[in-house]
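For reference, the structure discussed in these notes is given below.
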Amino acid sequence: RSEFEAELKSAGEKLIVVDFSAAWCGPCKMIKPFFHSLCEKYGDVVFIEIDVDDAQDVATHCDVKCMPTFQFYKNGKKVGSAILELEIVIMM
């Protein structure tokens, strides 16, 4: 969890998009190309993928209940989680 918090802090004022997923999760595999296309489209946004099996403490801390789950952070605080609204959040 300390790595996750350090990542939030090091991003400063940049928007961070976190993709909580798992290797065995079918829907996670299906949305991965979309997530990667966003990475390419928005170079000034920090994109992080977190495998919930490898980082259960982070998933619990962030209240992840299912996968895939997306959360958006800015200045260390959660500012959203609706993937369909991501581009609106980026423009803010």
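Keep in mind that glycine also has a Cβ here, set from the backbone N, Cα and C atoms.
Cys28 is paired in TrEMBL with Cys25, the candidate among Cys25, Cys39 named as its disulfide partner. Among the listed recorded positions, namely Asp19, Cys25, Gly26, Pro27, Cys28, the Cβ with the most fellow Cβ atoms inside 10 Å is that of Asp19.
In this structure, Cys28 (disulfide bond) is part of a helix by DSSP.
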